[in-house]
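Database features, via Swiss-Prot:
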type	residues	note
DOMAIN	60-295	domain 'Radical SAM core'
BINDING	Cys74, Cys78, Cys81	[4Fe-4S] cluster binding site
DOMAIN	293-355	domain 'TRAM'
TRANSMEM	362-382	transmembrane segment
Amino acid sequence: MAGCVSQAAPSEPWLQNVSIVGVKQIDRIVEVVGETLKGNKVRLLTRNRPDAVLSLPKMRKNELIEVLSISTGCLNNCTYCKTKMARGDLVSYPLADLVEQARAAFHDEGVKELWLTSEDLGAWGRDIGLVLPDLLRELVKVIPDGSMMRLGMTNPPYILDHLEEIAEILNHPKVYAFLHIPVQSASDAVLNDMKREYSRRHFEQIADYMIANVPNIYIATDMILAFPTETLEDFEESMELVRKYKFPSLFINQYYPRSGTPAARLKKIDTVEARKRTAAMSELFRSYTRYTDERIGELHRVLVTEVAADKLHGVGHNKSYEQILVPLEYCKMGEWIEVRVTAVTKFSMISKPASIQEDQQPLSLMHLFPLAVFCLVLITLYSVDRFLYPGFFEEWLPFLADAHHDEQQAEMWEHHDNSDPVFYE
């Protein structure tokens, strides 16, 4: 067992008879597997060693997307979170190493998208005398034409000091205008109990600035509902925030106590009430959409990077990281395509190439199917008349009989000696 769970809770009964690799020892995974196969139980949980090197071998789920972790750990001490117990304080990877990793992924390995990730993207560099904009400016320099970068989750406190710089980066033509800022609650009282180190006003300051300065920005956020100290009034504040911004991506989480965390010692809200609040916010989220009917007919340039679950469409994103589906027959993975929106759903827009006329449809096997069936029927009827039931046409299909008779006459003329013509009636 490797990762956060084994590091944070190694004494759990179900972990007693397995080998464990902590988050600071992940570069020794091959060694641990080898010892385990020999029948030895290994437990590597040391915290005070340097972090595993950034350039460990990896296997991409999507060969077109490089997921680059820029740091490990965080600067916060949220009362509900157990990740800090496993990953510890912030450790930022060196700027030069990250830039080289990105350069190699783009130029040597052919990826088309770079996704930056960490426990808190905005905190990068604060332990090494740098700030996130320093890294982002260097990364955009190595992004080739036709490729894009997407920023991961960043908590409000560490973006407040750099609103102008972050907006500038998000407006860069090779960076998606996408920002994931988890608010968790819109109640200042609950945020204080969570030790989130910001207020609702801080979050709104960020959101309002980005909306005003980054055209068509896509803002995603998270909510934790039924935190032990959340009142109905607190919950309503969170509902009001969702109504105000209508977040296109909203990750709704019902609070669950994590053993060993300060919040786990607090009295839980009744389960029925917790589910009621979760259902209410989920219903609110379903009641609106970014993709309205008014958007049908819009033109977009999208980068297609994967196949949709229906296996009929390619999944692409425009500059605002809006999801746009394109019929697979028109897609080439890793390339851009100009499309026109033809339909909308809650989570995406459906499109076809802008070069296709309104009444023009792609040629596919489905379009040839009726013709194939018709031809098969004719062949079958011809075979029945000729080999199984002579006179079938005359008896059952008189409207075809004359045509068939003409065909027989033509055949007889073809094989008869032309010097002694015979006429058939």
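Placed from the backbone N, Cα and C atoms, the Cβ positions cover glycine too.
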Handout entry: CB within-chain contacts under 8 A for Cys81 ([4Fe-4S] cluster binding site), separation at least 6
Key = Arg258, Thr261
Practice task
In three-state terms from DSSP, label Cys74 ([4Fe-4S] cluster binding site) for me.
Solution key: strand
Completion exercise
Counting only residues outside Cys74, Cys78, Cys81 in the same chain, those with C-beta within 8 angstroms of the [4Fe-4S] cluster site's C-beta centroid are Asn76, Asn77, Tyr80, Thr83, Lys84, Glu119
Fill in the blank from the handout: Cβ density check for Cys78 ([4Fe-4S] cluster binding site), other Cβ within 10 Å (all protein chains) comes to 19
Exercise for the section: Could you list the residues of the same chain, at least six apart in sequence, whose Cβ is under 8 A from the Cβ of Cys74 ([4Fe-4S] cluster binding site)? Expected result: Thr83, Lys84, Arg87, Asp89, Leu90, Glu119, Asp120, Ala123
Practice task
State the three-class DSSP label for Cys81 ([4Fe-4S] cluster binding site), counting H, G and I as helix, E and B as strand, and everything else as coil.
Solution key: coil
Exercise for the section: Write out how many residues of the domain 'TRAM' (293-355) are helix, how many strand and how many coil, based on DSSP. Expected result: 6 helix, 33 strand, 24 coil
